[in-house]
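Read through the structure below, which is laid out as structure tokens, and then see the notes.
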Amino acid sequence: MTTVRQRRVGKSTEAAEDQPSEEKNVKPDGRIPSDHTGGKLWKVLSITVGGIVAISLGLLTSVYVATLHENDLWFSNIKEVEREISFRTECGLYYSYYKQMVQAASIQQGLHGLVYDNKTESVRTINILERMNVYQEVFLSILYRILPIQQYLEPVYFYIYTLFGLQAIYVIALYVTSWLLSGTWLSGLLAACWYITNRVDTTRVEFTIPLRENWALPFFAVQIAAITYLLRTHLQPLQERLTLMAVFIATFLFSLTWQFNQFMMLIQALTLFILDCFDMLPTAKVTWLYIIQISGLLLVCVLQFFNSMILGSLLISFNASVLIARTIQKNLKTGGLLNRLGKLILHALLVLCLTLLINKFIKKILNLESDEHIFKFLKAKFGFGATRDFDANLYLCEEAFGLLPLNTFSRLSDTLLFYIYVFVLFLMAVTAVIVAFRNLSGSNQVQFMEKMEECPITLKPDAAYNLIHTVLFGCLALSTMRMKYLWTSHMCVFASFGLCSTEVWKLTLKCIHLYTSQRTRVIKYSVPIITLLYISYKFWPGIMDELSELREFYDPDTVELMNWIKSNTPNTAVFAGSMQLLAGVKLCTGRTLTNHPHYEDKNLRERTKQIYQIYAKRSPEDVYRILRSFGTDYVILEDSICYERRHSRGCRLRDLLDIANGHIMDGLGENEPDLKPSLYPRFCEEIKKNLPSYTIHFTRVFQNKTFHVYKLAKHK
């Protein structure tokens, strides 16, 4: 098991960015007053300073996470095999394709090896570019080969520095989004500081570098910033076209780099749908965003050799359904309150039915089953019946797919983030309800822009979008801990925007009858500055201590295993074992695998369940037959799985296998009445006794404190 051990000694004011009205500031003779010129200079100065602060914070964040990574593993001092082992589970699998491309004789040969890959899954040839989102590894490897940096920078450093560099883009995008919403770059500064001080809950890039979300989330943040700018009023046609292009590029890159893109963008599409129904966004811009989502995803589908999982995504079905339903219900936004509510309910039902029908039709035509495990997991998670499905239970028993732990909120509260977020969320939600009610009650002759201006309580389209976005992604994070990073980073943006927003403080002070424009302006700047001072005072010493703590990578058992495999097995040998370990075997040794952690394929899921019978109660003959059917030469057994204690009874891997096989689980506790005792002992335990019935098929060739490697006999 991989561990780390202690290393041995060897006040500003800015103008809002809204476009100033030119007519009010021009004299009859055409000359611009001097105060207008001063205002423009002040605005340029403010934007310049804010931009410099944004770039500086982004670069500092990159250096910060890179330093933490180096200090935690002593990455610069450990051997290459140890560096590769540090890329745990699926991270190692993704990095192996970058390594493969860099080491290929030519770029063409490297690409051919990915398109016709027969080492990732034994006795099968698969297209890695179609199956997995690894275009980023391909692009980076080509860039490394053509740039004159090979003598100065090792491939692994080029890779990890790129990921750490993306963190700079991530922080800058969060900063800009908050700035756009509030009109002051002080808000962006506060958002970036919250992101850094809540690092445990906002990112995990320093220890899961190649994970797909670390590539994708920076582009998602850029997309949100671009959408926020797009939804501002009074944009010039050229500005709008350029912003739409930025949204498309960010959407495309986000979709290209993460296999779960469709589910994240489905939530985003639901946000647009809700706001459009309540007349809180311009319909034309919403339509463009629907089209951009579909076109970005279809372009990725083409690049991934028409990946059927993309074509059968709910996002494409939902967006198409919304556009179709609009053409059917053309007068959706006319009539009184009850009339419109009735139309909205019918509209929502129509969209839901169309989505399910279109999705069902596409999956039937394509015979698509790649994503069925996700829906089985969701069905079991939300209580729609218990399941014995191995794949669904495998997800349900992982902490990352459980509910968000309550201690998350205590950590977020230490930086005041959660308290301020709840305060801003409550005020904005109340405002949104009032605005939605007013919009539904309005006359059909009133245009979108006019309705915004006729009531003191207003909610700008960009703020409305970010409000529903944070609510829906908050629900996702609460239900699935792994998705919290989509919410917590946006939480920083939303809370800082509210704290620096004139509208929020104006509404608050009016509610307590203390409103004056001067008081609002003072509070708008003083409260964020006090918050920043508090965060600096409380967390700066801890950050310095964290940066000074030195550890080193320490996993001698896995290092010994990888070195043995490289030295004592042929290059064509096929290895079976746990998904997590085999990803490391492929990266460190280049040997062929029977299974791996990229789980979005039905055949692979069935194959993995079969391979995992090495930890079930099965006869040696059955296990041998299963392993040989996949061309296995060696099988690796792990004591940490065979004698697992990390999970409670019912969630250990051996328990999941017993339940799926209809066998009674080990240990004290209840079993379902229809489960029966197995006729055979547990394979991973019994094989170590060297009984004749086992040694005829399996010969132990390597052993240490963690791993046992057995070579399979080749019977005719």
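Backbone N, Cα and C atoms are what each Cβ position is placed from, and that goes for glycine too.
Under the heading compositional bias 'Basic residues', TrEMBL lists 1-10. The compositional bias 'Basic and acidic residues' annotation in TrEMBL covers 21-34. The feature region 'Disordered' is assigned by TrEMBL to 1-34. Positions annotated as transmembrane segment by TrEMBL: 41-66, 179-197, 217-235, 242-260, 266-284, 296-324, 344-362, 416-437, 522-540.
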* Asked: Where else in the chain does the transmembrane segment (296-324) make close Cβ contacts, counting only residues six or more beyond its ends and a cut-off under 8 Å?
  -> 127, 129-131, 133, 135, 248, 251-252, 254-256, 259, 261-263, 265-266, 269-270, 273, 287, 290, 350-352, 354-356, 358-359, 362-363, 366, 368, 370-371, 600
* Asked: In the same chain, who gets a Cβ under 8 Å from the transmembrane segment (344-362) while lying at least 6 residues past its ends?
  -> 273, 277, 311-312, 314, 316-318, 320-322, 324-325, 328-329, 332, 368
* Within-chain partners of the transmembrane segment (179-197) [C-beta distance under 8 Å, separation at least 6 from its ends] -> 12, 14-18, 46-47, 49-50, 53-54, 57-58, 61, 64, 171, 203, 225, 228-229, 232, 415, 417, 462-463, 466, 489, 491-493, 495-497, 499-502, 524-525, 528-529, 531-532, 535-536, 539, 543
* Structure fact -> When counting C-beta pairs under 8 angstroms to the transmembrane segment (217-235), the leading stretch of 41-66, 242-260, 416-437 is 242-260
* **Chain residues in Cβ proximity to the transmembrane segment (522-540) (below 8 Å; excluding those fewer than six residues from its ends, i.e. six or more beyond)** => 11, 13, 184, 186-187, 189-190, 193-194, 197, 414-416, 420, 496, 499-502, 505, 509
